[in-house]
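A.B. asks: One structure is given below, represented as structure tokens, and several questions about it will come after.
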Amino acid sequence: MAAGSWTAGLLAFALLCLPWPQEASAFPAMPLSSLFANAVLRAQHLHQLAADTYKEFERAYIPEGQRYSIQNAQAAFCFSETIPAPTGKDEAQQRSDMELLRFSLLLIQSWLGPVQFLSRAFTNTLVFGTSDRVYEKLKDLEEGIQALMRELEDGSPRVGQLLKQTYDKFDTNLRGDDALLKNYGLLSCFKKDLHKAETYLRVMKCRRFVESSCVF
């Protein structure tokens, strides 16, 4: 491995291992750039894990000839489509940082319940770690987003609890077609929602701290 890649890998690992700052009275404040770097790395990691699991599930359970039609049917399935959140980078750039943080928080919190059923629904080869680990990763990202919100609080009106309905739990019975399609749809939404959260965080980081990695 090239020295530059090895160094970059160590830096990314070190950032992922950093704790989020607690109350200001207990710990010194972390620079805003580090808060954003931590949040983006965690969101990227979760999004990649979700995408890999979706692909593994698809490969194991969904016949190739049926995937396209099923994916089209899933287009309006995600509850997150009911909130007025940006659908891509261009739309996200039109929103304030606080708006994007609040949307990101809503997306993350909507999955805190369902992911606790992951290990019961799938075999170990299909699940990225255990459900407890996924839950902990989501909670960690939630905490990081909340830390950013505290730093950037600007007195603007809150988005509010727009996502009234959370996602259902994953079905543990994989013998029926209905259960398979339900879990397939949930994994698709999980992947989409984490991609949105990652996009929002990267847009905010890039417009605050101009860097070469801002093209995505």
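Yeah, the Cβs are placed from backbone N, Cα and C, and that goes for glycine too.
Note that this is a predicted model, so its numbers are computed, not measured.
Swiss-Prot lists 1-26 with the feature signal peptide. Annotation comment: Swiss-Prot describes H45, E198 as Zn(2+) binding site. Swiss-Prot lists C78-C189, C206-C214 with the feature disulfide bond, giving similarity to another entry as the kind of evidence. Residues or ranges marked as phosphoserine by Swiss-Prot on the basis of similarity to another entry: S131.
Could you tell me the structural context for the features on the list?
C.D. replies: When secondary structure is read from DSSP and collapsed to three states, E198 (Zn(2+) binding site) falls in the helix class. Counted within 10 Å of its Cβ, the other Cβ atoms near E198 (Zn(2+) binding site) come to 23, all protein chains included.
Secondary structure at C189 (disulfide bond), taken from DSSP and collapsed to helix, strand or coil, is helix.
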A.B. asks: Taking the Cα atoms as reference points, how far is C78 (disulfide bond) from E198 (Zn(2+) binding site) in Å?
C.D. replies: 17
A.B. asks: Give the helix, strand or coil assignment DSSP yields for H45 (Zn(2+) binding site).
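C.D. replies: DSSP call for H45 (Zn(2+) binding site): helix.
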A.B. asks: Using a 10 Å radius around each Cβ and all protein chains in view, which of these disulfide-bonded residues has the most neighbours: C78, C189, C206?
C.D. replies: C189
A.B. asks: Can you give me the Cα-Cα distance between C189 (disulfide bond) and E198 (Zn(2+) binding site) in Å, rounded to a whole number?
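C.D. replies: Distance (Cα to Cα, whole Å): 14 Å.
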